[in-house]
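I'd like to ask you about the structure that follows.
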């Protein structure tokens, strides 16, 4: 166990900085000058008809980076020989794959085998955040695509965890408590299927009553949404659902957190101070969100000759 801890520490203190040194803003300036503009155009086209794509891409990016690092392994389809990450429970409701396909197809026409699917996810997520009114930030690029996708490796922090339990997953990826609270602020444009929070509405922890930490008015609203039994979705920010702002933090301070982990951010002493600062300072949240997204996008990246540049984001290249 001690040897494993030493290896883990060495990764984040030595190997991670070396990997980051090979990522840089404008990586495709020479090899594919239009790379970022092509991705942006694809995102703009989708956003014009579907503003929920911001939430979808944020979720995809997070789910990708927390399993094997930001290597686009979440995009790989299953085969007869192996079941990919897409088939794991947490990823069954991930969407936006066709947007990544569209961007990749356009890039392959102009710059074949140059731009990685991992970078497309990262750039597209940034562009969608900007379109929703969020911060604009430079994205270091140069990631390579992974060649492994295994549904059994998907172990993501769930919505019913406590703050300390959820933080362990973030800490394992080299992220801080501030990073976690900041990144969960992406829920300001998010939605969740009713099965993720329905247990808080009627029989919380076997009490026969709603979760007392949820606003009574919100309980009534969510019961109305979820009552038809078809597992619909509800906005995680009941105020400005499609605007990327700090309203999410104001909502959870008013006991209007839809998912348990969201409400606990405001109630737990480990995170409540950060929530309060973001709730009262929109510019601080915007600045920190940009920083945290860049940091998350650097988790266990493949660079140099590692991995590959997939021709089709859904399929590993033939050897």
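Every residue, even glycine, has its Cβ placed from backbone N, Cα and C.
Keep in mind that TrEMBL annotations are predicted by a computer and have not been checked by a curator.
Owing to the predicted nature of the structure, the values given are computational and were not obtained by experimental measurement.
Features from TrEMBL:
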SIGNAL    1-21  signal peptide
DISULFID  32-111  disulfide bond
SITE      59  site 'Transition state stabilizer'
ACT_SITE  63  active site, proton acceptor
BINDING   64, 67, 69, 71, 73, 85  Ca(2+) 1 binding site
DISULFID  65-70  disulfide bond
DISULFID  117-313  disulfide bond
BINDING   187  heme b binding site
BINDING   188, 237, 240, 245  Ca(2+) 2 binding site
DISULFID  194-226  disulfide bond
If the Ca(2+) 2 site is taken as the center of the Cβ atoms of 188, 237, 240, 245, which further residues of that chain fall within 8 Å of it by their Cβ?
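Going along the sequence, the neighbours appear as 189, 239, 241, 243, 244, 246, 247, 248, 251.
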Of all the binding-site residues given, 73, 188, 240, which residue's CB has the most CB neighbours within 10 A?
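Comparing the binding-site residues 73, 188, 240, the most crowded Cβ belongs to 188.
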So which recorded positions out of 65, 71, 188, 194, 240 end up within 10 angstroms of residue 117 (disulfide bond), measuring C-alpha to C-alpha?
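Correct set: 71.
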Which whole-number value in Å describes the distance between the Cα atoms of residue 85 (Ca(2+) 1 binding site) and residue 63 (active site, proton acceptor)?
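Just about 9 Å between their Cα atoms.
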Neighbourhood of the Ca(2+) 1 site (64, 67, 69, 71, 73, 85): other residues with Cβ within 8 Å of the Cβ centroid, in order?
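The surrounding set, listed in chain order, is 63, 65, 66, 68, 70, 72, 74, 146, 149.
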Cα-Cα, whole number of Å: residue 245 (Ca(2+) 2 binding site) versus residue 111 (disulfide bond)?
35
In sequence order, which residues at least six apart in the same chain have a CB under 8 Å from the CB of residue 237 (Ca(2+) 2 binding site)?
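Counting only residues 6 or more apart in sequence, the Cβ neighbours of residue 237 (Ca(2+) 2 binding site) under 8 Å are 187, 188, 189, 190, 247, 248, 251.
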Distance between residue 71 (Ca(2+) 1 binding site) and residue 194 (disulfide bond) at the Cα atoms, whole Å?
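About 30 Å separates the two Cα atoms.
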